[in-house]
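Asks: Provided herewith is a single structure, encoded as structure tokens, for subsequent inquiry.
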Amino acid sequence: MTVLADERELRDDALNGLELATRLERLWRTPSGLLGALMSVDHKVIGRRYIVTAFAFLLLGGALAILMRIQLAGPEQTFLSPDKYNQIFTMHGSTMMFLFAVPVMEAFAVYLVPLMVGTRNIAFPRLNAFSYWMFLFGGCFLWISFLLNVGPDVGWFAYVPLSSLQYTPTKRPDVWAQMITFTEVAALAVSVEIVVTVFKLRAPGMTLDRIPLFVWAMLVTSFLVMFAMPSIMVASTSLILDRLVNTRFYDPSSGGHPLLWQHLFWFFGHPEVYIIFIPGTGMVSMILGTFARRPVIGYPVVILSLIATGFLSFGLWVHHMFVTGLPQLGAGLFTASSMLIAVPSGLQIFCWLATLWDGRPVYRTPLLFVIGFIVVFVLGGLSGVMVASVPIDTQVHDTYFVVAHFHYVLIGGAVFPLIGAVYYWFPKITGRMLSETLGRWNFWLALIGFNVAFFPMHILGLIGMPRRVYTYTADMDWAHLNLVSSGGAVVFAISFAILLANVIYSLRRGALAGDNPWDASTLEWATSSPPPPQNFDRIPVVKHRDPLWFDNESLPVVAGLSIERREVLLTSLAEAEPQTREASPEPSVWPLITAIATTIFFVGSIFTPWAVLWGTPPMAVALIGWFWPSGSREDEE
Amino acid sequence: MTVNDAHPRLLYWAGVALGPLAWGINLQGVYALAHFSCETTRLTGTIMSAVLAVVALAGTVISARAVRRGAGAEWAEAQGGGPRTFMAWLGVGSGILFALVIANQLAASLMISPCLR
């Protein structure tokens, strides 16, 4: 090996084997102890925390769903009061959308993207830590408010005028609106990190057409987040301003308009569906390639479909507003664009089916969940084409048909791939395999339970049962289908209990995984399970779209990064040619302190506008601490 | 062999650039021209959209030529490593996608009176 190290600094081409690994581990590890844990900027540590926290919110949101199904299992039940029911369905939707679905996808990206592109840490690692703390504090803020009976009760969309001060004079809508701000700040931060990681930190040789499909999916998702989420932040902030200082954005008596809220909300809300769905498709592509034992057919078609889906998702929002009295012609055009988006989604599904058809599928649990995804999502897509049509939507709007549709799309399109992803990447994250037997029970109960729970809702909607009612009378003939639906929900919940049991059991007693238990092809499987703090002892060189299938003996590497300070390799955008070495930040407690200061500012500002005044200096102090030169070599240079 | 090796000056990125550019101009143009269209002829927006749809499709054609001339064995072997060819493929799709979106707006300009702004 050629020694390229300069006189000043020891580099990784000067050492080999265990000595190199030990030096790098010491350099990149998270400091021990509680303070060390709070300072961590390791993407794997933060990714794990993100995943666990998001799944904790899934369990909480799921528990609320069960409470609603108990209430609706029979007519005129009094298990929940109307007020509590309103809070619960709002909390369920808000928790699932803002605290589970989006964060869990970003959490997997935070953990996996740096490994998949062959780098040592995510871009802007301190921002990553800040993002997690903001997400955690925002989620806790919402749930503590709920436990204090200040949980929002205006739906996950918080339509005005219901959410205005006049009709809801409590703090409940403020809690909802500010929770949005917390989670959106977190999501935007992660998106910036993902984009920069994908564009600048890829391993040498990982040209644009060698990027793993999950990474492509997260890249598209990140752009969606950056373009869609400012809309909801504007909406939620203006709602708080309306309620706090009478700005009257949404008050028609002063020139405001309630429909402005709906436009702003759904300009975010519809891309939100794809922010959840597109990462799911990335997971599906990764799992399919591995278990079909061949590369996914139509790699460029899949990527084009992802980009087209992302772009078109911004042109559909009005189909959520078909019954608001918009001109029919305009509604008709949005029908056309709503149906247009079925084309790229359909193309991807055909590519996946062709991959299965042409491959040698191994039906392990992750692949079962992918097949479940295809079935459930296609059913959801079909009802989606139905509600994209104005005449049908006008009839079924605000009925359980729509509830059935979006659960088929969201659970089918995101949760099934996600659970498949848990089974697929759990060995990498923990070093142990999940039980295959429990996995199969998990899958079949989930598939059966889900369909029994949600398919009857189509019929309930068609026979007139409206959404968001806390009960119904016996003479409506909705009782039997509701009872079936509630039974299915219990079975569905049991499937998640099995998943939880499987995870807890396997963490201690699961079979050891090894580096690459599935014989997968992408770079995250080229390192140990779980990966060391530095991810890779040397940065791999990529010569093929499926590097571990192509270079199955030994992966070529580059050397020359420092082993005295944290460094990553920057590469060019298209060709991924090495450009320069860049310092990667050390652990720091300042992101946590900044998040605490921001939390005080956000929570205070729903009670008094003066919080903007006294809440800003602590944030400024925290940010100064964050960026204060630490005397490291990075600062000196 | 990549496009770059064989034809270094081929505009492989034309579809990626021209499609969104044409759409952006069309989107701003239909608003900017609404007043003029209302007072003179409603065909202004239609003509502009038609021209810009052609521009987007021109991007597709240029990118398609780059693909045809430069597509190497890397696609058949699915090993990657031809980012320019890949960009050219993206250009083909991107040009078509944005031409479709412009066509959608063209349909709107045909059906909705610009005086209804």
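Heads up, the Cβ atoms here are built off N, Cα and C, so glycines get one too.
Just so you know, TrEMBL annotations never went through curation; they're auto-generated.
Marked as domain 'Cytochrome oxidase subunit I profile' by TrEMBL: A:22-543. Look at TrEMBL and you will find A:50-72, A:92-117, A:129-148, A:175-201, A:213-241, A:273-292, A:299-319, A:331-355, A:367-392, A:404-426, A:438-463, A:589-613 (among others) tagged as transmembrane segment.
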Asks: Which listed range (A:129-148, A:273-292, A:299-319, A:438-463) shows the maximal number of Cβ pairs under 8 Å with respect to the transmembrane segment (A:589-613)?
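Replies: Per the Cβ under 8 Å count, A:129-148.
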Asks: Does the transmembrane segment (A:367-392) come close to the transmembrane segment (A:92-117), meaning at least 3 CB pairs under 8 Å for residues 6 or more apart?
Replies: no
Asks: Pop the mean pLDDT for the domain 'Cytochrome oxidase subunit I profile' (A:22-543) in here, whole number is fine.
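Replies: On average, pLDDT over the domain 'Cytochrome oxidase subunit I profile' (A:22-543) sits at 95.
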